[in-house]
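Chemist: Got a structure for you, written out below as structure tokens; questions coming shortly.
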Amino acid sequence: MSHHQKPARLRRTPEVRALLRETRLHPDDFVMPIFFKLGRGTEIVESMPGILKMGEDAMLRKVEELDALGVKAILLFGEAKKKDAMGSASYDETSSFHQGIRKIKGMSDIVVIADVCLCAYTDHGHCGILKSETAVGRKQKAAGKERKRSSGLSSQTSVSIDHEKAAETLAKIAVSYATVGVDVVAPSAMIDGQVKAIRQGLDKSGFGETAIMSYSAKYASSFYGPFRDITGAHPSFGDRKTYQMDPANKREAVRETLLDIEEGADMVMVKPALCFLDVISAIREKVNVPVAAYNVSGEYSMVKTAAQKGWLDERSAAIEILTSIKRAGADIIISYWADQAVKWLKNEVRKKLNSGH
């Protein structure tokens with residue numbers, strides 16, 4: 001090795017390493033997902049350790065806690081009292097979920113992002129309105145066959161979505177959320193034309209200031225299992241491969257993202273994050289709008305489970321994952337560690353101040 005170049009010189013002390021650190025996490029980077037449930041109190045979901053479904057009372061307390069901590073944004077997911085083929089409960093402004101959003105906006109300046117999708121509201125568990133020929137596949141459910149987790153390996157029924165009708169419904173959902181005060185709507189259904197329909201719907205309804213964060217590159221991933229447990233959004237038949245993206249494709253993600261921006265997306269997103277860091281990077285190089293990345297439930301739960309078994313240190317593993325997402329190019333990180341990450345980062349600052357550094 002050349003005597004002139006010894007990289008280890010620049011790693012000798014924590015202070016030198018900190019001085020030269022290329023990627024730094026900041027509390028403002030994070031968005032905390034919150035799962036609403038009907039009624040009061042909380043509900044534990046075994047597959048997502050530490051994450052609770054929250055009734056309105058618990059959700060409002062959580063927002064107060066996040067406010068005090070300094071978390072700047074939340075991503076909300078609702079729950080339907082009654083599901084149907086069209087997901088009609090999703091845009092009911094009188095629902096307890098909508099009224100809970102109104103109360104959040106009345107008590108806090110936290111940025112409220114609302115997920116716009118149909119999977120938690122349809123009786124078939126898909127993210128759009130089914131075409132009539134697809135409805136035959138639902139006979140599997142009527143026959144009482146066991147609902148299978150949508151890993152993509154168990155599908156026997158091809159799912160065909162009516163994208164035009166679905167986009168119209170997603171626009172209704174977005175307008176209903178804007179009506180109760182959300183700052184950002186986040187369409188996650190991967191429906192063709194959804195961003196255009198939502199932007200037009202918002203503008204026509206007088207909500208031109210409501211922003212759109214589109215799940216532009218959302219993959220048909222195996223890492224959504226715990227999320228589907230907590231939202232009750234497992235498809236009753238088939239899978240989502242006909243509308244979510246093939247994990248093998250990167251160029252397609254760039255194309256999808258550029259289309260969403262053309263349709264009016266203010267921010268774009270890659271989901272999941274950890275297996276798609278190259279996609280985040282590719283999109284970051286192509287666009288000038290903010291890029292979000294979703295550190296999803298499977299990524300979170302596998303680390304939590306390993307940490308519980310003593311196989312790794314949760315804090316260091318989580319910070320490494322979150323740093324890699326930001327290093328890849330994400331401006332915004334949606335993560336179930338959001339509140340913990342903010343605590344960890346602020347504790348580090350306090351330690352340095354107390355030590356005199």
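In case you wondered, yes, glycine gets a Cβ from its N, Cα and C as well.
TrEMBL feature annotations, pasted as is:
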BINDING   Cys117, Cys119, Cys127  Zn(2+) binding site
COMPBIAS  140-150  compositional bias 'Basic residues'
REGION    140-159  region 'Disordered'
ACT_SITE  Lys218  active site, schiff-base intermediate with substrate
BINDING   Arg228, Arg240  5-aminolevulinate 1 binding site
BINDING   Glu256  Mg(2+) binding site
ACT_SITE  Lys271  active site, schiff-base intermediate with substrate
BINDING   Ser297, Tyr336  5-aminolevulinate 2 binding site
Chemist: Does DSSP give Tyr336 (5-aminolevulinate 2 binding site) helix, strand or coil?
Modeler: coil
Chemist: Report the same-chain neighbours of Lys218 (active site, schiff-base intermediate with substrate): residues 6+ apart in sequence with Cβ closer than 8 Å to its Cβ, ordered by sequence.
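Modeler: Long-range Cβ contacts: Ser188, Met190, Gln244, Met245, Met269, Val270, Lys271.
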Chemist: Distance check, please: Cα of Ser297 (5-aminolevulinate 2 binding site) against Cα of Arg228 (5-aminolevulinate 1 binding site), rounded to an integer number of angstrom.
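Modeler: Rounded to a whole number, the Cα-Cα distance is 9 Å.
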Chemist: For Zn(2+), what surrounds Cys117, Cys119, Cys127 with a Cβ no more than 8 Å from their Cβ centroid?
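Modeler: Apart from the listed residues, the neighbours are Leu118, Ala120, Thr122, His126, Gly128, Ser188, Ala189, Ala233.
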Chemist: Ranked by the number of other Cβ atoms within 10 Å of their own Cβ, which of the binding-site residues Cys117, Cys119, Ser297 ranks first?
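Modeler: It comes out as Cys117.
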Chemist: Tally every other Cβ atom lying within 10 Å of the Cβ atom of Glu256 (Mg(2+) binding site).
Modeler: 21
Chemist: I'd like the Cβ neighbour count for Arg228 (5-aminolevulinate 1 binding site), meaning other Cβ atoms within 10 Å of its Cβ, all protein chains included.
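Modeler: A count of 18.
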